[in-house]
């Protein structure tokens, strides 16, 4: 049992946390919580040597005080999210500070107990010792930790001696820990959730002298929420709760205030402008007609005339307000979200759909978004000839960018059978045996996934692609295919034990014996893989085919030169050297408990070959980035990986040109911190790559971009990305990311693919374009109605449209085509235009002129239709225009109206003619709105079949109110004859020609001027 007693230190009781994490042969982890936490800047703890840290009984090393490090008690609660699987421990606070804090952990795989014993650094293959916890109680999401003291114990009523809970592979570290002692050969941690690094990180206990080191460089720290991949260690907790790195991220998220989207701002401005304009026009109409208040038609009553013209002003307001606009905008955005969901982009906030359309910068994570996040071996070589001062290599390329065991091995342009090369057979054998990972086929998702380390999984996948023993794979299921070739090799060689990786020798090895001597090997062998410089230094010979020849200086230098070329060129591959010791010591003579002896056993090696791997870029991403450049969108890679790897990936993707100088265009987080505020702003304006960044860097990058009025789309999948996701105009989380990232984002990519972002941007531009089209459609129609009422009021003509007709047109007849315009296809050149300025008005001066021109025509045509019936229709009264303007003075005593029945001015025919022209023109106007600037000849209406259906339905509704009782009575209309319908079409159709002329001017002049600017 591991236990540490806490004592009062100064005025505070400051307990200590120790963590023991161990692995068995099956990968089971043990974690022993000794006690609670300290809070202090991580930089201070990282600078201290382990001897200067508090180790037991609350006492600090002598160096802590002289360094000025201050210790602070932690909060009362540590939140573990998500809940940890498997067994767990309950931590309860105790009132008495003198009660010792204890914790029990499952015994290590070699059967030893406690923190005082050094566990063996080697694991016996197939060992199941301690593979299951003896207590299955779950660890609660909230773990109370007393600031004074407490006791770690099992669930209430359980036996503490029997309750030895264990944590399994993938469980999370509960606090930020400064490592004191690593109890295994190596300790590896997956901290991608915090730092974005694509591979697990090897930790150590050495002091880091730089107090400003970023989290990626704090190799002596374990961070809350990260996963222990392998190894066991003891550490002091230096932060819990909100004081951890994850807690700081939560605080940053809480400090971010949501901002209104550009669409919301523009619609607010548009609504205010429209309200002011309508108020002025209505007042003007009422004031202009003051002289008609006492006309005979009103009985000579000034008050009745005032009320009459007030009703006209109200009708004018009804005509001017686009009542259906909010519903149409919401419907258009909802339709856009559905289309985006089909393209694997799930939108969580409707207004953000349109915001995508004005995105000018995409800040993308590298791992999993621009790349597949599936390490793949893409190159390998074995020695073809060595000795006598020469060294010739057989180089091969391997296709495939995922974990799917499908790909070809080629030498130059020629596909090869790997079984024909003895060196490749042995290389595949080492890859299969010197490996603790595997491939697994996920039947639910239909994809191959890794089990274990990404690097080792890449080697497993390589063995499957090589198929050195020509295994028949045609009849196998996908599940069986995942490990078929590896299984063949493992049947030929039995793995006895593994010598784990260590920092000093930078390699790991396995001791294997043949199950059938002679087929692969005559006797026992040690297979080694590791860093090329370290492994080749311990090689004394090299394998050439089936022969072994001495490794001379020339061959060694040429091999290392090739490795350096692979590791520093355009690809920046991660290289592993593979070697064997043909005649290792007998396993009985090897001191496996002493890891310092491992390097002695991995000497006198024979170099077999080298593999180069990388997290490959997604095949479709380069073309998508080229489209972004064409659309005027800057793509910025932000990653936690090192700068060299990031720049290499940028070159492969087209973010940087192959020979482009990246000075001033690529920064590490540390380099960015060293810049002045003004230089940081300039860097954000010009840079396209940021490496080794922390969460605060991402937030500052977004803030600087926003200071230039850039609309930023930020991607992320980890908890560390959440503040930047929330701060950016468009936060884009990965479908495989954390729940925290998804909750902070406006959009989630279900396929984690950068191509989906570009498709979403295109869809956002199309939605904004469609939105402008139906706003144009509705506003130009409303302008026409306003002009109609304004003209009839100014000229003194009879009402052409009454309020109930205006409401019917605005809410019903116009609503269907306006909604259907949301289905418009994108313009042909939509991704060839630069992003629009977010400060650009929703209705520019030119657009307003277009709206006004079309609206004036609509108003004139509507009034002309009603006037035509009075003046020229054979069934009309055929009065003069003067009589029509003075109809309010019509009486039997007035000689001007001799022979004219004054009731004719109240006929339903003129209003029916005006309403029919208004509806017909608006249907033509809807057909014109398929594209903002493209001609109907290039983008005909049938590209949007929904629009044709909506136009047909609107016309059907119009005929419904004309023909079906009692609707004609309600809407004050009557059926028209054929000659009258011909007049309606003659008055309505010219609007198509007018809009085509305006589109031509827009294409030839307005767009050209914008391009020059």
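In case you wondered, yes, glycine gets a Cβ from its N, Cα and C as well.
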920-945, 946-971 - the range that TrEMBL marks as transmembrane segment:
946-971
Looking at 752-773, 774-795, 884-905, which stretch does TrEMBL describe as transmembrane segment?
774-795
From the ranges 186-215, 216-245, 306-335, 336-365, pick the one that TrEMBL records as transmembrane segment.
306-335
Looking at 274-294, 379-399, 400-420, 421-441, which one does TrEMBL call transmembrane segment?
274-294
Taking every residue in the domain 'P-type ATPase A' (170-253), what is their average pLDDT?
80
